């Protein structure tokens, strides 16, 4: 609802300083600031003001400011402190109830594309107000302030609140969606096992924070690599949230596979359906051409080149990220953000009849014979309620079973590497090979 009418009876915010930009820091046990809160006003600064006014249906008034307890939790950034209270509005049909979306790695390139898609309404719809809770690090906090400033300047009507912090317990408070993008990239000389441990510790901490303060039905999408095992670590540290609610992002791999099949068949990519990425987000991933369809027909009836499908197609999908890095000089960011949007929309929009989508999900109870207690990409369908079910009507041949066994073995080995982070004892790391995607190097 746009602000269309001003009412002079609403009181003005109390002003405490003349500075244009200020920071409020809070600490727990560390000396460095853990939470930044800055306020912009057209002429003066409002340090501790919370804005609210009573809004009747079909009536909008200018907000009245109320002094906020300085000891209370700062819950807004900049101009978002000056927005009117949505509580009364939520009772009307103009807005849905505000949802809290937490994003880690919020100062990174992927988030730089994603946040503006979220704020614009592209993801959750044009009538869904959102609050963005952005998690950064001590090193990235200034960049995160810049991101918040850009969000301010974009004037998104659906973006009602922005919080920036380096404390996951603050960012994940009441989160209904958690998009976990931040992870340490693999540097020169870093062994794959070491990276599993380094990033695993990050996701163990974030899992504990989600467990403590997030919504009990929060949906969690893990993007930071190695995302399958990071998702497993996260869910093991968040027993209060259903394991089924955790996803490892394999949608970019699915999109890449659809693109390659469309190119080979000479059709537009919307003709490709029923595409599954099985297994790990690594070069052992299995793009499934056996069950995929092109214009409603089995792929093998359209592309009658089994050698190309088994060799060139599969390798192109597995190594697409590395080729992009060679051409572009950096890893995927824009296309990754698009795939995150696709992954979310697949959960909140009913899956088209007969189709499905790929997501890395917890394997317990799966109908395919995949080992339990790992996060494995499989075909899913959704009714659009944020939940999903696994697809039963898929077929397997010897080639597909052989490939599935390889990626399954890799994930089981990764699981043993992080046993100390999942509460399953001492880690024993014996990885079958270095199959990490080039973008993670």
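For all residues, glycine too, the Cβ spot is worked out from N, Cα and C.
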105, 106, 107, 108, 109, 110, 111, 223, 224, 225 bind NADP(+) according to Swiss-Prot; which of 199, 245, 255, 274 goes with them? 199
Applying a 10 Å Cβ distance cut-off over all chains shown, what neighbour count does residue 429 (disulfide bond) have? 16
In whole Å, how far is residue 281 (active site, proton acceptor) from residue 429 (disulfide bond) when you measure between their Cα atoms? 19
Among 206, 225, the one of these binding-site residues whose Cβ has the fewest neighbouring Cβ atoms within 10 Å: 225
Of all C-alpha pairs drawn from the NADP(+)-binding set 105, 106, 107, 108, 109, 110, 111, 199, 223, 224, 225, the farthest apart lie at a distance in Å of 18
DSSP output for residue 281 (active site, proton acceptor) maps to coil
